[in-house]
């Protein structure tokens, strides 16, 4: 079976395709301008660590993934500091909240409480185990400039997000193109001619195969070059490094080369 058209197109070309949401279009243009398809997962526990990591890796990333609920001192200083650095370094913020409850509950989790996610996260994600109404509920609660990734697959061993669940994620995404910008998945899920979903892949680390807790690692070359995904998500491989700035740049270079190899290969066949 031939590979999907989005693998043969540049990020810049995809940004202008019909039905591409404003946030997705901005992200694709940002990726092309900065030459980075790297998202760093900031799995740290204090505001100081979060903001310091954002400063150190900001020039090498297109997106920073956060877990606000593990920040012990999360508050206004966290929010304003993160927004300031994101604007200065030109990256988007993705809160990995993994919403997965009934509609009225996820609306409150998104807009209220101490985290106030709607104020600062450009992108959020959700399971669709509760049913497609979760997409409607989050969409109704958001400003126009917020977008959703559906958690369609995971990188942990033995996870149940396979087969019919993943297929249904794609079905629901196609019904909501103005809000759903893509997926968290291990491979591109673009299959139909009009699909232009952005796929982000976690579990990327150089020189490791697992962590002993179920995580299974892949390389940038495998997920971008072979699986056709768009953005790699790297956590411990960067935030656990002594020189975080240099390590982020190493991942950026390898992921970008994998993308260029894919794109140039298909451009030469046109």
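Just so you know, glycine gets a Cβ as well, placed from its N, Cα and C.
Straight from Swiss-Prot, the features:
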ACT_SITE  98  active site, proton donor
BINDING   43, 65-67, 96-105, 217, 236  substrate binding site
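Feature annotations (Swiss-Prot) mapped to structure.
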residue: 43; record: substrate binding site; Cβ within 10 Å: 17
residue: 66; record: substrate binding site; Cβ within 10 Å: 25
residue: 96; record: substrate binding site; Cβ within 10 Å: 21
residue: 98; record: active site, proton donor; Cβ within 10 Å: 13
residue: 100; record: substrate binding site; Cβ within 10 Å: 16
residue: 102; record: substrate binding site; Cβ within 10 Å: 12
residue: 104; record: substrate binding site; Cβ within 10 Å: 10
residue: 217; record: substrate binding site; Cβ within 10 Å: 19
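For the pair residue 66 (substrate binding site) and the residue listed as 'active site, proton donor', the Cα-Cα distance reads 11 Å. Residue 217 (substrate binding site) falls outside any helix or strand according to DSSP and counts as coil. If you measure from the Cα atom of residue 98 (active site, proton donor) to that of residue 43 (substrate binding site), you get 15 Å.
Under DSSP, residue 104 (substrate binding site) is assigned to a helix (H, G or I) in the three-state scheme.
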